[in-house]
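K.L.:
Per TrEMBL, [4Fe-4S] cluster binding site is recorded for CYS345, CYS403, CYS406. The region 'Disordered' annotation in TrEMBL covers 412-444.
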Amino acid sequence: MGRTLAEKVWEQHVVRRAEGEPDLLYIDLHLVHEVTSPQAFDGLRLSGRTVRRPDLTIATEDHNVPTVLGPIADVVSRTQVETLRKNTAEFGIRLHPMGDAGQGVVHIIGPQFGLTQPGMTVVCGDSHTSTHGAFGALAFGIGTSEVEHVLATQTLPAYRPKTMAVEVKGALPYGVTAKDLILAIIAQIGTGGGQGYIVEYRGEAVRALSMEGRMTVCNMSIEAGARAGMIAPDETTFEYLRGRPHAPSGAAWDEAVEYWKTLRTDDDAVFDKVVEIDASTLTPFVTWGTNPGQGAPLGSAVPSPEQFADPVERAAAERALDYMGLSAGTRLRDIQVDTVFVGSCTNGRLEDLRAAAEVLRGRTVVTRTLIVPGSMQVKADAEAEGLHEVFKAAGAEWREAGCSMCLGMNPDTLKPGERSASTSNRNFEGRQGKGGRTHLVSPQVAAATAVTGRLAAPADL
Ligand SMILES: CC(C)[C@H](C(=O)O)[C@@H](O)C(=O)O
Ligand code: SF4
């Protein structure tokens, strides 16, 4: 019987298998940031161990960094960052600190450097590691004790998840983006729908996505509860990787591409579960609730909890409406926001900033609008194209790279009761600051919303 992409990459990395035990997987790339690594390094020190492969380990400062130049005011944040600096120096790990040209959100810099490659196993103490699956890598988030295990041994014990295919038929209509697609997928399968599975996104609409769009989709796999998300590598992948600092070159490149081409699900392979979605029916999608599955087309209204047959979902909707300060039947386009955030590892890449700039060019924002590049390289690239001038002329704030308002671990937060349209991936209660209310949207919708002050698509302008 044929094998799925996930099975192929998994099998390629098993270094030890025993009945009734998790497989021991070899890890090709270990990404590290300041939040989930301190105890892991402490553990190494306590047991007198070293880092097995510092050359396969790379660290960056992203969650706690302010996005305006200057020192870190918050003591906890500053300590985390200083601790990462000490740890990486002591254990010989490459670090991209604040202000460094290579610094950025961990899931943006891996692909940007060409470190993330098809067929690899990639881990990080961070749930959105699933982003790297866009390259046909098997990439997942791990806990702090697992971070320690990988640092010490470059391996990870893991049980093999089941496989799920998300078949996206048809083509995305004009103006409908990768973000809308993944929000629609999560609304369909639910935040627990992917639990226990590695999801492979397939089909015409997925093949048509750019690498950046594919990363947006895979990034949010975790929001459907999946262990990982993957997309088979193809010409789009190879073109993205060609010439990047860590991509193979010369004869090694040709060899790598030959191998990468084998990384696809065999025609006779069987998935444990198959979900279908028709891309041609989709429109811009936004969330109204407090989990990423509580979303709906922008053209619809806030649902009434009674619409949910499942009692758990109904109760969740009730609570969400209460927290969000929304009432059933309100048109989503009538929801007024006071803050717009374009950024994060979901939508903080150059293509996202271009999309936002296209909408904001020659227009003026009426909300507080933060445009935060996902990395310093993205910032440099955007500035080389003059995008920062477009943002500034529109009245938006152009910031330094970091996780920023994706989560309240740095100075960029919402105040209680404030409402944002955010290109990030989580709309949990308090995620962007205590009492803050988050609507997840695409960069295009974010920019249009900044112009009108209400949830809007570019076509509304
Ligand atoms: C802080 C970190 C552990 C966390 C994660 O695991 O995803 C963060 O990146 C997030 O997006 O919530
Ligand atoms: S940008 Fe957001 S989702 Fe991504 S790593 Fe940072 S906090 Fe997590």
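Any Cβ shown, glycine's included, is placed from N, Cα and C.
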K.L.:
How does the region 'Disordered' (412-444) divide up by DSSP, counting helix, then strand, then coil residues?
P.N.:
2 helix, 8 strand, 23 coil
K.L.:
Can you check what DSSP calls CYS345 ([4Fe-4S] cluster binding site), collapsed to helix, strand or coil?
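P.N.:
Its secondary structure by DSSP: helix.
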K.L.:
Show, in sequence order, which residues other than CYS345, CYS403, CYS406 on the same chain lie with their Cβ within 8 Å of the centre of the Cβ atoms of the [4Fe-4S] cluster site.
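P.N.:
Residues close to the [4Fe-4S] cluster site, other than CYS345, CYS403, CYS406: ASP62, HIS63, VAL105, HIS107, HIS128, GLY343, SER344, THR346, GLY348, GLY374, GLY402, SER404, LEU407, SER424, ASN425.
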K.L.:
Would you mind checking how many other C-beta atoms are within 10 angstroms of the C-beta on CYS403 ([4Fe-4S] cluster binding site)?
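P.N.:
Counting Cβ neighbours of CYS403 ([4Fe-4S] cluster binding site) within 10 Å gives 30.
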K.L.:
Which chain-mates of CYS345 ([4Fe-4S] cluster binding site) that are at least 6 residues away have a CB under 8 A from its CB, listed by sequence?
P.N.:
VAL105, VAL106, HIS107, ILE108, HIS128, THR131, ASN219, GLY374, CYS403, CYS406, ASN425
K.L.:
Would you count the other CB atoms within 10 A of the CB of CYS406 ([4Fe-4S] cluster binding site), including those on all shown protein chains?
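P.N.:
30, counting other Cβ atoms within 10 Å of CYS406 ([4Fe-4S] cluster binding site).
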